[in-house]
Structure formats: structure tokens, C-alpha cells
Amino acid sequence: MSRQWLFSTNHKDIGTLYFIFGVWSGMVGTSLSILIRAELSHPGMFIGNDQIYNVIVTAHAFIMIFFMVMPIMIGGFGNWLVPLMLGAPDMAFPRMNNMSFWMLPPSLTLLLSSSMVENGAGTGWTVYPPLSSGTAHAGASVDLAIFSLHLAGISSILGAVNFITTVINMRSSGITLDRLPLFVWSVVITAILLLLSLPVLAGAITMLLTDRNLNTSFFDPIGGGDPILYQHLFWFFGHPEVYILILPGFGMISHIITQESGKKETFGTLGMIYAMLTIGLLGFIVWAHHMFTVGMDVDTRAYFTSATMIIAVPTGIKIFSWLATLHGTQLTYSPALLWSLGFVFLFTVGGLTGVVLANSSIDIVLHDTYYVVAHFHYVLSMGAVFAIMAGFIHWYPLLTGMVMNPSWLKAQFSMMFIGVNLTFFPQHFLGLAGMPRRYSDFPDSYLTWNIISSLGSTISLFAVIFFLFIIWESMITQRTPSFPMQLSSSIEWYHTLPPAEHTYSELPLLSSNF
């Protein structure tokens, strides 16, 4: 047991560990979100303390980003699928792969500790000074959160190095870069973004750590520092981070839509690759659109507005290529395809509100209102999470060798779809009406939409529980697939379901007409 799970060097076992960890963290993060919506379901205090409320909001963000989406998408799907799609026997650095995983549980422990000692870190996930300074947040909470981020960051950087090396060096004969599966491309681009952005975050939070404990003044005006510097450093990481969260989802959706359409390949494969590369590149030069309210020059604001809008172009290319891939097929609405179609539609809606927020003059009004919350939850809660659900259902027979009940999955999709839209769509109206983020109380003019929003979150909670039940049911009944439904254009399906512990012991050769 300990050799298989504690000291594993097998990409499949490590990927499974990532999945288990991500699902567990996701349940913690979901519980926190239910607490937030319970507080906001009615005017007046429920938790009774704004500091505690902000600690819950901060922990919800950190857990969902660093311990749910990234471990499942990059660690879970990445580890499982990249070697199988490359025809590689394993990752390039199998032991480092194991270390990448085992840095995450200590990191999560540090984060949860930071919420439990002293007053907790009630800074929001951005951890802006002066609120996160030693004066406003005395005690160990913010320091523990910083150490947690350091560990999660090191884990991601090591994983990124591993994926890049694997894809460069371990492709089978015949898999040239232009024939690399789109999911593998998306993981490589994600890894490059991680490699370039995380060190900047590490620098920023290390400076914050020394400001708090070693009497430096990087972000303290009294000693000649500038809190705005922290914002620039943080968002230079933070904006690529949101593309890191969604890019592997793009890759998975491409595979699912292609295979469900019965097509040989995605429409415009090369265009899809260039679109992802462009999104990754542009993601690094738009960071200050998160800071339109800090008083930048008008020409700076004009630049960041236009640069942000340019990102909509490659994103649009991806959306329309997916629609073109679907074009002309007699669709069977399988659960994985339902999630993918939901992804395409809701991600587009989230992208449109993003274009609205890109206008610096409009953003002055909408900044730090629920409009922003609605925007990023549409792209994360209905982009990243829908992609995870689609991918998990699609590759579940490959991961486990079992099949889930498709009728239940469709019912569960309907529940979740209604739940998330009921939760986040009204938040656009709240934001336009000026309801600010990160406050636990609100005037009763906002009551109706908040009640509807909280009702939606309850529906989503039941949908998540239903999904766990569906997984449980599939595992106790042990239904096995008769044959893989997929086309031969995806080589991960050329195995027993689930694959043997060691696949590709003899390296495959891919012919030019696969």
C-alpha cells in the first residue's frame, strides 16, 4: 500500500491522488461558499463578525483555485492523459512528480491553519497590503497563508517543468508538434504560464513576509515603499493564473466535442493551437486591468483596455472552431457533451461581461461590485468547473474501467446548470445596482436578488452531492463498458479500461494517417 500510494512514481497513481485531493478540497471550498451564501441570504448579520466572513471568502478562493481546479485539471487530468496521449511510458521525472503532489497536503494544512489561528487571514485572495501588513493583520495568520502559497507555488513550478520536459522529450515517433493532441498543447502552454508567473508571486509575497516580520518597507510608504507595487506584482501573476485555470479546460473541451461529433479532428487544429498560444502570451500584458481604480495615467488605461479586448479575438476563434466542429453532426446529447455545450455557452457569457469590464471608464463604477464576482464565477464556476465535469465524465471509463448512470448524469447536469445560473446571473443586477464585494451585510433594496442567488447555491450543493452519489453507485455496481465509444483518432483509448499499470512498455510508432 505505502509503496503504491506514498512513494508512487506511476503517473496514473499520482494522477488519482491528485483527483482525490482535488475532490476533497472542492468539498471544503463548496462548504465555505455555502456559508458565504447563507450570510448573504438575508440582510443583517448571520455569522456576526466581518473578519470571520472575510476569512471564509479568502479561504474559499484559495482552496478552489490552488487546491481544487489546479490539482484536478493539471495534476489529475494532466498526469493521467499526457503520457497516454504522447505514447510515453510515464512522465519525464516520476519522483519529482510524486513530490509535486505531496507538497499540496502540507500547503492546504498551512492554509487551513491560517484560518484557525489568531483572527484568520481576512484579506481577500489578493492579500493586498496595507490590510495584510503587520499592523492591520497582526499575528501569524497571513504568514501561514504566505507559506501555504509558497508550497503550492513550488509544487506547481516543479509540475510545470515536468510537463514541459515530458512533452519535448518523450513524444512517440510520428507525433510531431502540429499533431500533438490539443489537450497536451493546452497543458504545455499552462505549464509555461506557471513557470513564468509563479516566481513573480513568490517574490511579492516574500517581500510582504519581510515587511511584516523583518521591518523592511517594500510596500510601506513610511519607509519609501509603495503598496501599488504589490498590486502590480500580484496581478502580473494573478492574470496569467486565471488563464492557467481555464486553458486545460479548453484542451479537454476540444477533445470531447471532436469525439462526440464523430469527427476525425477538431475544426482548425492549428488555429486552435495558435489561439491558445496567443491567449497565453497576451495574458501577461493585461494585468493592470485589475487596477483601473488606483489612479493610472489615461494612456496607460487606454493601453490596458485595448490589450484586454484583443484577448477576445483568439478566444472567439476557439469558440467558433468548437461550433464548427459540432456543425453538421446528428448530436446525441450524452452527459459529457451536455457539459461541453454548457461550457461553450456560459464561458461565452462570462467572456462578454469580461469585455464590458475591460472598459476602464465603466470599470471605475463596476470595480469591486458583484458584477465582477458574477463575471469571474461565470468563467470559473461555469467554465473551469464545467470543463472538469465534462472531462471527468468523458474519461471516467478510462480512469476507472466503469460507467456511470447516464440518465442520472443528465438529471444532475440539469440541476447543476439551473443552480449555478440562479446563483450567479442575479449578481450582475446586484453589481449594476452598486452592491459591493466582500461585505457581509447589505441594505434590503438588494434582498430579492440575494435570496434567489442563495437559493441557487443550495440547488448547486444538492447537485454536487448527487454527483458524488452517482460516482459511488457506479463503483458499487461495477458496470464495465462493453467497448470504448471513442474513435481511433485519440490514442489514449487504445488500452484496456482502465489501462494496465505500465502502458507503452514498448514505445508505439504513429503512422502518418492516424
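Each Cβ is built from the backbone N, Cα and C atoms, and glycine gets one as well.
Record features (Swiss-Prot):
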TRANSMEM  16-36  transmembrane segment
BINDING   Glu39, Gly44  Ca(2+) binding site
TRANSMEM  55-75  transmembrane segment
BINDING   His60, His377  Fe(II)-heme a binding site
TRANSMEM  101-117  transmembrane segment
TRANSMEM  144-164  transmembrane segment
TRANSMEM  182-202  transmembrane segment
TRANSMEM  233-253  transmembrane segment
BINDING   His239, His289, His290  Cu cation binding site
BINDING   Tyr243  O2 binding site
TRANSMEM  267-287  transmembrane segment
TRANSMEM  304-324  transmembrane segment
TRANSMEM  337-357  transmembrane segment
BINDING   His367, Asp368  Mg(2+) binding site
BINDING   His375  heme a3 binding site
TRANSMEM  379-399  transmembrane segment
TRANSMEM  415-435  transmembrane segment
TRANSMEM  451-471  transmembrane segment
- Item | Stretch of maximal Cβ-Cβ contact with the transmembrane segment (182-202) [cut-off: under 8 Å; candidates 55-75, 101-117, 267-287] | 267-287
- Task: In whole Å, note down how far the CA of the residue listed as 'O2 binding site' lies from the CA of His377 (Fe(II)-heme a binding site).
- Result: 14
- Query: Of all the binding-site residues here, Glu39, Asp368, which one's CB has the most other CB atoms within 10 A?
  - Reply: Glu39
- Other Cβ atoms within 10 Å is the metric here; tell me which of the binding-site residues His239, His367 scores highest. His239
- Report yes or no: does the transmembrane segment (16-36) come within contact of the transmembrane segment (304-324), defined as 3 or more CB pairs under 8 Å with a sequence separation of 6 or more? no
- Task: Tell me, if you would, which residue among His289, His290, His375, His377 (binding-site residues) has the fewest other CB atoms within 10 Å in the structure shown?
- Result: His377
- Note on the structure: Students should find that the Cα atoms of Asp368 (Mg(2+) binding site) and Glu39 (Ca(2+) binding site) sit apart, in Å rounded to an integer, by 18
- Note on the structure: Note: in the chain of His60 (Fe(II)-heme a binding site), residues six or more apart in sequence with C-beta under 8 angstroms of its C-beta are Gly29, Leu32, Ser33, Ile36
- Item | Additional residues around Cu cation, ordered along the sequence, whose Cβ is within 8 Å of the centroid of His239, His289, His290 | Trp235, Gly238, Val286, Trp287, Ala288, Met291, Phe304, Thr308
- Which entry in the list of binding-site residues, Gly44, Tyr243, has its Cβ near the fewest other Cβ atoms, using 10 Å as the limit? Gly44
- Message: Using Cβ atoms and a strict cutoff of less than 8 Å, what residues sit near the transmembrane segment (337-357) while being 6 or more residues removed from its termini?
- Response: 246, 249, 253, 256-257, 260, 289, 308-309, 312, 315, 319, 322-323, 331, 363, 366, 371-372, 374-379, 382-383, 386-387, 389-390, 393, 410, 413, 417, 420-421, 428
- Message: Quick check: of the binding-site residues listed here (Glu39, Gly44, Tyr243, His367, His375), which one has the Cα closest to that of His289 (Cu cation binding site)?
- Response: His367
- Item | Two-stretch contact, the transmembrane segment (379-399) and the transmembrane segment (267-287), at least three Cβ pairs under 8 Å | no
- Note on the structure: With His367 (Mg(2+) binding site) as reference and a Cα-Cα limit of 10 Å, the qualifying binding-site residues from Glu39, Gly44, His239, Tyr243, His375 are none
- How many Å separate the Cα atoms of His239 (Cu cation binding site) and Gly44 (Ca(2+) binding site)? 34
